[in-house]
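Peer 1: Pasting in a structure now, in structure tokens, and then I'll have a few things to ask.
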Amino acid sequence: MAKTPGPISLIEPLSGNSALLVKINAVYVVKRSRYQEIVVADTEDFGRALILDDYIQSSYYDEVYYHESLVHPAMSTHPSPADVLILGGGEGATLREVLKHRTVKRAVMVDIDGDVVEVARRYLPQMHQGAFDDPRAQVVIEDGFVYVERALAAGDKFDVVIMDLTDPYSSDIAKQLYAPGFFKKVRGLLREDGLVVTQAGNSFFFPEAYDMVLHGVRSSFPTVAEYSVWIPSFGYAVNYILGSLKYNPTALTPEEVDRRLRERGVQTHFYSGRTHLGLMSLPIHRKIRRV
């Protein structure tokens with residue numbers, strides 16, 4: 001595997017006024033796809049990382065915090081998730097976590113950028129861990145908006161929809177998938193007891209974008225839970241918003257979460273019943289402005 005030696009530095013934007021300086025020791029690939037610049041590099045503090053348009057999307061040393069927190073609260077809240085739709089998640093780690101649940105019969109991953117998927121297959125094996133080749137997995141290279149409309153027209157149904165997209169403010173690719181009207185479409189794809197979960201960027205640096213996503217979920221789902229997890233390679237806490245048509249994720253006890261994980265054969269590094277309780281109990285972060 002060819003690589004360009006470092007060290008060099010990545011200036012990763014946190015907001016329009018702040019940034020994270022990341023030391024890069026080696027670069028494996030730099031590629032411009034139709035939609036974005038794709039970089040895979042070895043970083044000093046975070047290990048190998050997938051970087052899209054100067055934003056770290058996933059890194060070996062901390063991606064489990066992001067992906068386990070995105071996937072398992074919703075999957076554990078549903079008593080028997082069989083059909084799961086993933087929008088985004090090109091590196092395959094979200095798919096990997098979904099497929100840990102023995103209840104899953106079908107996991108459809110839809111990503112607009114096939115180049116990201118191919119780069120991940122070759123350069124990020126620890127991310128996907130063979131998930132792309134699982135017989136339950138179906139990888140579709142298509143705009144998520146188009147796929148959802150097509151699935152709606154076909155009458156397809158899912159138990160859980162997981163939105164692992166780029167931030168609503170970092171690029172134009174995914175913006176329409178965060179709009180209130182899109183969450184209404186997602187609701188139409190779900191069975192009567194279905195759930196959706198989306199990452200929603202950061203509520204501290206980008207409160208307006210976060211509130212837009214929150215409004216979209218609340219407009220279509222009767223039960224909504226907000227939670228966040230600190231991701232070191234991002235330099236901030238990532239926010240998640242979970243919408244449910246029937247089950248309340250905040251009502252699950254740690255014992256019930258652990259029982260469901262155990263019965264489904266799910267092994268995790270970070271997420272557990274105790275973690276679930278913590279995620280659902282702590283407030284999100286916003287700027288506290290004092291005069």
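Each residue, glycine too, has its Cβ placed from N, Cα and C.
Pulled the feature table from Swiss-Prot, pasting it below:
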type	residues	note
DOMAIN	5-245	domain 'PABS'
BINDING	Gln36, Asp111, Asp143, Gly144	S-methyl-5'-thioadenosine binding site
BINDING	His67, Glu91	spermidine binding site
ACT_SITE	Asp164	active site, proton acceptor
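For each feature listed, report its degree of burial, its nearest neighbours and the pertinent distances within the displayed model.
Peer 2: Under the DSSP three-state reduction, Gln36 (S-methyl-5'-thioadenosine binding site) is assigned to coil, being neither helix nor strand.
In sequence order, Leu50, Gln57, Ser58, Val116, Ala120, Leu124, Met127, His128 constitute the residues six or more apart from Glu91 (spermidine binding site) in its chain with CB-CB distances below 8 Å.
Sequence-distant neighbours of Asp164 (active site, proton acceptor): residues of the same chain at least 6 apart with a C-beta under 8 Å from its C-beta are His67, Leu70, Ile86, Leu87, Gly88, Gly89, Thr94, Gln199.
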Peer 1: Let me spell it out: for each of the binding-site residues (Asp111, Asp143, Gly144), count the other Cβ atoms within 10 Å of that residue's Cβ, using every protein chain shown. Which one has the most?
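Peer 2: Answer returned by the neighbour count: Asp111.
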Peer 1: Translate the DSSP assignment of His67 (spermidine binding site) into the three-state scheme.
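Peer 2: DSSP call for His67 (spermidine binding site): helix.
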